[in-house]
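J.: Here it is, the structure in full.
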């Protein structure tokens, strides 16, 4: 599909549609939708902004490419004055006092925020069922999960309720729902987009990224949101990716894939067959395919969850109901903390917080936490070695098709293991794009750090090739 | 106070216990053989160089920001936050 942003921009400029009508249409779709994608609608502000865009066009003023383009925001981003619930009881009445940097950049470019989108509570989940707003239903089959944690964002884009949405990806939370709902979703290099104003889950892998229906829209949004930010000192400098620089594949000569991802019994046979067939098609184009060795799924998932739980236990320790949040009074301060947290966190969030405190506590940290850090170093070293041999690593997004709603909550281990193909790239802090091609849950394209241009270029090549 | 703190106390979650599912993940790590047991953290440089530290600046919050912060107080009296009763133990 071609750029939706450019198409709508053209329709606005040539007055084929008014921005107000466009925004109203999308708001109506969101309001009526039965996929549980909406935590709160930003209808008042959206319509006010739309009127301003229409006035500008009527006055013959030039508008920017993103001006008047309606978009969605995962409900873990601060947007001043809006409810930011993280789909949790604890923050169900919490209002953002400030706006996240990435979102502010989009607002500055004139994009119009429509909706705070349903997701797993605090990003804790891979199915968007761990939420107080009801499980998000898959865009293609409402009996199946939408994926997660950015499930509401992926479904809104897939159903055209938003032109694009901004998700968050800690261990696959953009890429996996993008795959489950057949759209594009990018986890950029760690630090390329500021995390300021994104509610922290695991700070060392948290990434801000776009979900959209075209590669070109992903490029446009990445350029707008990227850049160093004084409010997030882990941000890195990056250069703008030009449109013509990603159009043809002149650079990618060798791609690699992890043979243990496909040569095991836990992958769905159809996904495996489709993935191998895709490799063959790529080979026919004269590209060399290399088998790569990698860590087994159990090690990847366990390393990721050990570190993510440790980080989330620390990050969420601030949520005690003192300054904000749904405080439940107890006999004294400590009792108040404990009741507030016990009553307001979901079972999944509690499981992760307790696990995190367990590995960080004395007696466990050497045996588990520090060892997981050492494994992470080894995983990252492995990637460095791989990218000396290949330009791109290609992998399926998930080993299996989306589960039925209700199944993941019954079997959390199965849910954790469903992240086997996404978490490794998070630990490596590498840019990875889900494309809706190749297998029924898409493909992941991964490049070396800061090589988003190569990644988008290869995505365009795949679009033409398979 | 006892020096041994259980996970429910550490987590401030009443009745919290370690999860069997999560322990299975930890067992994988316990049994793993990394080639270097001490992370040197030498792969992902996320720390900020001393030359790149920002200046300390005091930034006044906007009136709207202050208003929303007060609105978020779980308990408020005359514009001030009311905290739970503190008992030293």
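Heads up, the Cβ atoms here are built off N, Cα and C, so glycines get one too.
Heads up, here are the entries from TrEMBL:
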- A:74: active site, charge relay system (ACT_SITE)
- A:149: active site, charge relay system (ACT_SITE)
- A:173: active site, acyl-ester intermediate (ACT_SITE)
- A:32-456: domain 'Amidase' (DOMAIN)
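If you look at the structure here, what lies around each of the features I listed?
T.: Same-chain residues at least 6 positions away in sequence with a Cβ under 8 Å from that of residue A:74 (active site, charge relay system) are, in sequence order, A:116, A:117, A:119, A:149, A:150, A:152, A:153, A:165, A:166, A:167, A:168. DSSP assigns residue A:74 (active site, charge relay system) to a strand segment in the three-state reduction.
Residue A:149 (active site, charge relay system) falls within neither a helix nor a strand when secondary structure is assigned with DSSP, and so counts as coil.
Within the same chain, residues at least 6 positions away in sequence whose Cβ sits under 8 Å from that of residue A:173 (active site, acyl-ester intermediate) are A:119, A:120, A:123, A:126, A:148, A:149, A:150, A:167. In this structure, residue A:173 (active site, acyl-ester intermediate) belongs to neither helix nor strand by DSSP; it is coil.
Across the domain 'Amidase' (A:32-456), mean pLDDT in this model comes to 96.
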